[in-house]
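K.L.:
The structure's right below; bear with me while I get my questions together.
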Amino acid sequence: MSRCVARRATKKVSSARFYSIVHDVPRVAASLSQSHPPPQPQSQSVFEQAVNATGPRNNWTKEEISQIHQTPLMELAFAAGTVHRRFHKPSAVQLCTLMNIKTGGCTEDCSYCAQSSRYKTNLQATRLSAVDSVIEAAKVAKANGSNRFCMGAAWRDMRGRTRGMKNIVEMVKGVRALGMEACVTLGMLDKQQARELKEAGLTAYNHNLDTSREHYPNVITTRSYDERLQTLENVREAGIHVCSGGILGLGETPATDHVGLIHTLATLPAHPESFPVNKLVPIKGTPMFGQEPVKLEDMVRCIATARLVMPRTIIRIAAGRVTMPESEQMLCFMAGANAIFTGEKMLTTDCNGWEQDKDMFERWGLSPMQTEASKLVEVAEEPKFEASSFAHLKSDGVVAQKGAERLAVFLDRPGFPWKKLILGFSLGQYVLEGLLSLRQYKVLQKTKPPKTLEDEISQDVFDQSQAYGRAKAKFGFISGLYSQIQNVLFIQYDVLPKLWSLTGLLLARYFPSRFSGEISHSVLFFLTFNVISQILSLPPSYYSTFVLEEKFGFNKQTIKLWITDMLKGQALMVALGTPLLSAFLKIIQVTGTRFFYYLWLFGIVVQLFAITIYPIFILPLFNKLSPLEPGELKSGVEALAQRLKFPLKSLYVIDGSKRSAHSNAYFFGLPWKKHIVIYDTLIEKSEPQEVVAVLGHELGHWSLSHTTKLFAIAQFHMFYIFALFSVFIDNNSLYSSFGFHDSHPIIIGFILFSDALAPMDAVVKLLMNVLSRKFEFEADAFATKLGYEKELARSLIKLQVQNLSTMDADWMYASYHYSHPILAERLAALGWKSSKSSAANGKVVELDEKVADAGVVKASQREL
């Protein structure tokens with residue numbers, strides 16, 4: 001770095017274009033990145049010190065700049081011209097061309113801008129230009145003498161625009177390959193995005209402050225002044241030249257606001273490489289339409305002051321030059337301006353054409369500035385955080401990482417039919433599940449119970465069970481068709497991009513500017529999408545609860561309770577979903593390409609946190625927990641826990657009958673402190689020893705480490721999901737297939753990725769069912785070894801009857817849908833032998849009003 005500075009310091013100031021003043025790297029000592037002139041005699045005024053300066057300084061006070069600005073105009077302009085000759089070749093003017101690569105649709109409220117979606121300016125929004133068309137435009141600009149090609153996109157920021165960034169990187173590379181300097185203006189940038197542009201070879205990044213900090217709120221409210229300064233800092237730290245200036249004629253007071261703008265830029269760690277001075281072009285439909293034109297005196301005074309305060313900075317006459325006669329432009333050049341925009345258009349406004357400027361240059365003896373090949377700052381690479389626990393993952397995962405990169409390239413081919421593929425997956429899954437349901441429906445039409453259950457289940461119970469099963473199967477087919485139609489319509493008519501655009505518009509219009517950005521947009525999209533999904537689910541939910549379940553005696557809910565539960569669920573979604581989704585997105589944004597490691601750790605923490613807070617804060621919102629009263633049941637459960645060394649902290653009864661006749665029993669908590677919850681319906685319909693037998697089965701899962709194994713498998717599954725998502729997160733063809741051509745929101749990518757993963761999920765589900773069924777057999781055997789064989793068998797039979805569960809199942813249907821063996825399989829594994837003598841009329845259980853009003857044990861964490 002020091003060699004680079006020393007080498008450039010030897011060049012003649014009259015013939016060199018100085019880049020040393022745009023090193024813009026805070027890590028470098030101030031003496032290297034920004035020189036300070038030697039102390040001047042005390043007798044010299046501030047103005048005289050500026051005129052006689054041998055180098056730039058960045059410790060100006062606003063009062064000093066104000067004194068310079070108030071100097072009589074002729075003397076000020078002459079002095080600025082003198083300084084300009086000392087630091088620049090006076091006849092050299094840089095020619096720049098600015099192309100609008102993405103027009104309109106911006107959510108900002110910049111009151112001068114025709115590209116804001118908030119104003120009616122008859123400007124049609126467009127998508128990001130194709131890379132090839134931009135390179136062709138750059139070739140035309142070069143052929144006409146421009147040596148800097150600038151590209152502007154009407155965006156607030158680059159968050160979620162992964163595909164757009166990729167295309168812009170290619171544009172920058174293409175422009176640089178032509179031997180031209182490349183500049184872009186894309187709104188706000190974060191550090192990572194700035195580094196990406198630096199790696200692509202970007203020469204400069206334009207991000208105007210527009211006006212002084214004091215006047216800024218009168219012009220823009222959707223982006224703060226400090227946010228603009230942060231972008232300049234991110235650009236500077238990446239080693240990209242900073243291009244930042246202002247717009248004159250925004251209703252400001254020149255004596256204070258022009259001084260304030262110059263002061264802000266002149267006191268940055270390093271002066272900007274270029275300072276664009278724009279003359280407001282009032283656009284009909286914008287709030288600034290009708291503003292008084294800026295006076296020539298104010299424009300010349302601003303340019304001259306900037307030249308004296310920032311002597312090495314290039315000062316560019318930008319927008320509005322087309323309205324200025326050549327004589328006015330010459331005054332600006334004489335006062336220190338040495339760059340212009342040229343070409344037929346400058347963003348959305350007219351610009352002086354190349355031929356017109358060539359003629360002007362010839363008449364006034366000007367020549368295009370010869371710029372050296374872009375020698376950007378050699379920035380010391382910022383240390384990257386890498387957790388020591390992940391060090392081995394980095395070394396061992398190189399091959400996997402390369403494989404993932406190749407897979408990403410293969411899946412991101414232009415024209416890859418993602419929409420058709422995902423639609424095909426969805427339809428294929430629906431057809432598969434429909435065929436399996438038809439196979440199961442044939443089983444539900446049987447009139448006799450399986451031989452294993454002939455002595456256990458009465459014909460009446462079996463008939464009711466079959467009727468209940470058929471009713472659920474019909475309802476499942478219709479509700480599945482209803483969901484499938486929704487899914488097809490959502491995909492076919494691009495509902496996701498339309499909803500994304502709508503929520504973006506709502507965010508811009510009705511929320512403060514601090515809520516702008518991808519995270520806030522994603523949260524609003526997620527909550528809106530969730531509300532829509534909830535509304536669409538109302539018909540099947542209502543029918544299931546108040547028709548189907550009511551018919552078979554299971555429903556205990558009222559309409560009021562049903563609605564209240566939904567509202568509570570939505571409130572929880574806002575309260576918990578908002579911070580969790582925000583954290584999810586933030587982790588991906590700040591941790592780079594290996595975000596999945598950090599996301600995985602975050603997921604583990606969230607799960608442990610949920611285990612802790614669920615019984616304390618969430619469960620009480622829906623149910624009431626009461627301590628289990630002393631008695632035979634409590635003594636039996638405590639004795640079982642003590643026998644197994646289960647860390648039982650408390651025993652609760654939950655009012656499950658508040659909503660349903662179905663029962664429930666489960667345990668929760670941290671490894672060293674567990675709680676058992678038993679539904680009141682289970683206690684009411686079972687003998688104490690039968691409840692203890694059920695808990696013996698459940699604690700068998702704990703004792704055999706099934707819960708630990710499943711938790712570990714879940715973590716592995718979560719890691720592989722997040723790691724695989726890293727392959728899809730930047731998939732341009734996936735986003736484009738679903739209508740996201742310009743922006744690539746992370747949340748949308750994850751939704752589409754989840755849809756694409758459907759076939760793999762089906763395979764994982766099948767494998768998990770196999771493992772789960774194995775664990776169920778083992779837990780049954782564990783309870784049997786505890787001496788609860790008869791009690792467990794009776795419990796299983798009772799629960800089967802009380803729930804009217806399916807007595808038999810097609811093997812293919814069961815393999816795909818059932819995580820638990822059917823009753824006949826479990827009784828056979830237990831070696832159960834019925835005792836007719838203990839049964840009434842040769843049957844263990846008859847269906848009567850009491851049984852019909854009973855429920856099923858279906859654990860929230862594990863189904864019994």
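Quick reminder: no glycine exception, Cβ is built from N, Cα and C everywhere.
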K.L.:
In TrEMBL, His697, His701 are given as binding Zn(2+), so which of Glu550, Glu776, Glu825 is in that site too?
P.N.:
Glu776
K.L.:
Apart from its near flanks, which chain residues at least 6 from the ends of the transmembrane segment (569-589) lie with a Cβ under 8 angstroms of it?
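P.N.:
Distant Cβ neighbours of the transmembrane segment (569-589) are 159, 190, 192, 518-519, 522-523, 526-527, 530-531, 534, 595, 598-599, 602, 606, 618, 621, 729, 746-747.
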K.L.:
Can you give me the same-chain residues 6 or more apart in sequence from Asp780 (active site, proton donor) with a CB-CB distance under 8 Å?
P.N.:
His697, Gly700, Leu792, Arg826, Ala829, Leu830
K.L.:
Tell me, what is the mean pLDDT of the domain 'Radical SAM core' (88-321)?
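P.N.:
Mean pLDDT for the domain 'Radical SAM core' (88-321): 91.
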K.L.:
Taking the Cβ of Glu698 (active site) as the centre, how many other Cβ atoms fall within a 10 Å radius?
P.N.:
25
